[in-house]
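Chemist: Straight out of Swiss-Prot:
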REGION    1-45  region 'Disordered'
REGION    2-115  region 'Mediates interaction with LIMK1'
MOD_RES   T15  phosphothreonine
MOD_RES   S19  phosphoserine
MOD_RES   S31  phosphoserine
COMPBIAS  33-45  compositional bias 'Low complexity'
MOD_RES   S34  phosphoserine
BINDING   H60, H71, C79, C82  Zn(2+) binding site
MOD_RES   T91  phosphothreonine
MOD_RES   S106  phosphoserine
MOD_RES   S158  phosphoserine
MOD_RES   S159  phosphoserine
REGION    165-192  region 'Disordered'
COMPBIAS  174-183  compositional bias 'Basic and acidic residues'
Amino acid sequence: MADSKAKPTKAANKTPPKSPGDPAKAAKRLSLESEGANEGAAAAPELSALEEAFRRFAVHGDTRATGKEMHGKNWSKLCKDCHVIDGKNVTVTDVDIVFSKIKGKSCRTITFEQFQEALEELAKKRFKDKSSEEAVREVHRLIEGRAPVISGVTKAVSSPTVSRLTDTSKFTGSHKERFDQSGKGKGKAGRVDLVDESGYVPGYKHAGTYDQKVQGGK
């Protein structure tokens, strides 16, 4: 016999579904997050003039360099271009010794912090008559705002062969007729024999004066 009692049904879920967030509140939240990110970016410390110079020399001649580390070659160039090397108190040898002393044993580069340590070492030798702090400041002044000096620019070199080929006063034959005394080209007149159809004998100095004489006689 079938059970006449009805099975209890599950209570319907009366919890209302989550409504989508208020667009105005979402926009406000995104705006606040954006402002916070901008404030964080603005709060990032600016590079000092010394660190800017360090980065300029660090990337010099190396397209893959990041500017955060400096090779020994660029370190020597910085000391030379910024006149840290004076040839008396500080020499190229001194610069190389300090670099080897500061960098790690297995490293070939130095960081900005190590760079500052190296400058402190050189400052003692470069400005012996000043206190340690004053000497460091003087060395920093030599470097701040500086950039690598570009050298090895090709210059024009004069040679007898080049002079002979370019000096128009030494040209002969038909080539000589293509230039005037100042070396300026005559254009078409120097390349083509133009026919004189004026009726005057070549070399006649009074060409074109006949009409003036006739009018003057009237």
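Cβ atoms here come from the backbone N, Cα and C positions, even for glycine.
Walk me through where these features lie, including what they touch and how far apart they are.
Modeler: All protein chains included, H60 (Zn(2+) binding site) registers 20 other Cβ atoms within 10 Å of its own Cβ. For the recorded site, H60 (Zn(2+) binding site), the DSSP three-state label reads coil.
In the three-state DSSP scheme, T91 (phosphothreonine) is classed as coil. Cβ neighbours within 10 Å of T91 (phosphothreonine), excluding its own Cβ and spanning all shown chains: 14.
Listed in sequence order, the same-chain residues six or more apart from S106 (phosphoserine) with CB atoms under 8 A from its CB number zero; the list is none.
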Chemist: Looking at the binding-site residues H60, H71, C79, C82, whose Cα is closest in space to that of T91 (phosphothreonine)?
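Modeler: Checked the binding-site residues H60, H71, C79, C82; minimum Cα distance to T91 (phosphothreonine) goes to C79.
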Chemist: So, three-state DSSP: helix, strand or coil for S106 (phosphoserine)?
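Modeler: Looking at the DSSP assignment, S106 (phosphoserine) belongs to neither helix nor strand, so coil.
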